[in-house]
């Protein structure tokens, strides 16, 4: 999930956010990953006319972000186009300045996926010396505290009432504790790249649950994507089931733990509507990280993870930087940059860049950890990524 050499990125994170009242837009509107997690709630603004920033609110879930636009606000695709025209009209004639602006724009768009993917590699590298549940807790608690402090500084309201805290606690148990716990356990037994592909398959489950619970339709192409996705996941997971002697145990498979992590994140996505009815989305995101991280810290102590069993002093500076990177960049900063891009009208582009997270995880897992895919797993990964795009096809085309 290199801590704060990111003052520039932190400036993106510390954007002014206005309180919002959630509506119920389709869950397939716009999705994205990794730390921490962060999820989308609807936005209803009193200002008239609303700006793109006023039309979007985001909630962190699992290792990504979910963002929905206010149906009554100016469409973000149109806002993005108009913003681009205005920038083009005011742009300096110097070609290098135009190129530099475009380069910064793309770097801003890609950076959350880079942080999420490389955070998986950082977690994988440090888990043997710290323990899986310690890493999972550390990815959640500091980032959650940072989000709460930021939201409070911007005047966001703290959750109040039993309904709000019950919703956040349940959200934290499923989307934070289960998601990060399963992910960290799975990383011990599978590669960061393969695990990232499996976790990114969660939109397939979300599509099924949204259809069953809310009557949402994904269209014929989406249904085809579900079928293709199941086949792709089978190619990823079945060959990797561990076999010890005559025992075949599914719990020894890292791919199985990653699959459980993806399902936790999918259920968390469905829970966003419920949570957002009772609490500010940014506050809910921060508190669900802390509430979900505390039981993971307790499990880490009971599990005698090395970091809490007298070996914390054995960590190198590289390990400390990896832990800081996982928590700050892999959760809080990536969420802030994603929200910044969403408020600038880039939701359609962001939705189409989902595949970058497993790509970055695979590339850096190969470079730093020597990981590789088998031919069957490569085929399964490609099928799964195509299936994810097919499931999101209707919402992507609709946004355009």
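Every residue number used here counts from 1 along the chain in the order it is shown.
Cβ from N, Cα, C; glycine included.
Residues or ranges marked as domain 'EamA' by TrEMBL: 109-236 (among others). Looking just at the domain 'EamA' (109-236), the mean pLDDT is 88.
The transmembrane segment annotation in TrEMBL covers 133-152 (among others). Among residues of the same chain six or more beyond the transmembrane segment (133-152), those with a C-beta under 8 A of the stretch's C-beta atoms are 1, 13-14, 17, 35-37, 60, 119, 123, 126-127, 158, 176, 180-181, 183-185, 280, 282-283, 285-290, 292-294, 296-297, 299-300, 303, 305-308, 323, 326-328, 330-332, 335.
Sequence annotations record features per position, and here TrEMBL assigns transmembrane segment to 164-183 (among others). Counting only same-chain residues 6+ beyond the ends of the transmembrane segment (164-183), those with a CB under 8 A from a CB of the stretch are 35-37, 39, 61-63, 123, 132-133, 136-137, 139-140, 195, 199, 257-258, 260-261, 264-265, 267-269, 271-272, 274-275, 277-279, 284, 287-293, 295-296, 299.
Remote same-chain partners of the transmembrane segment (204-236), defined as residues 6 or more beyond its termini with a Cβ less than 8 Å from a stretch Cβ, comprise 26-28, 31, 194, 197-198, 255, 259, 262-263, 266-267, 269-270, 376-377, 379-394. Residues or ranges marked as transmembrane segment by TrEMBL: 204-236 (among others).
Here TrEMBL flags 253-392 (among others) as domain 'EamA'.
Residues or ranges marked as transmembrane segment by TrEMBL: 256-275 (among others).
Annotation comment: TrEMBL describes 282-302 (among others) as transmembrane segment. With a cut-off of 8 Å between Cβ atoms, the residues of this chain six or more beyond the transmembrane segment (282-302) that come close are 17, 36-39, 57-60, 131, 133-134, 136-141, 143-148, 150-151, 156-159, 167-169, 171-173, 175-181, 275-276, 308, 331, 335.
According to TrEMBL, the transmembrane segment annotation covers 322-340 (among others).
Annotation comment: TrEMBL describes 347-369 (among others) as transmembrane segment.
Annotated transmembrane segment per TrEMBL: 375-393 (among others), in sequence order.
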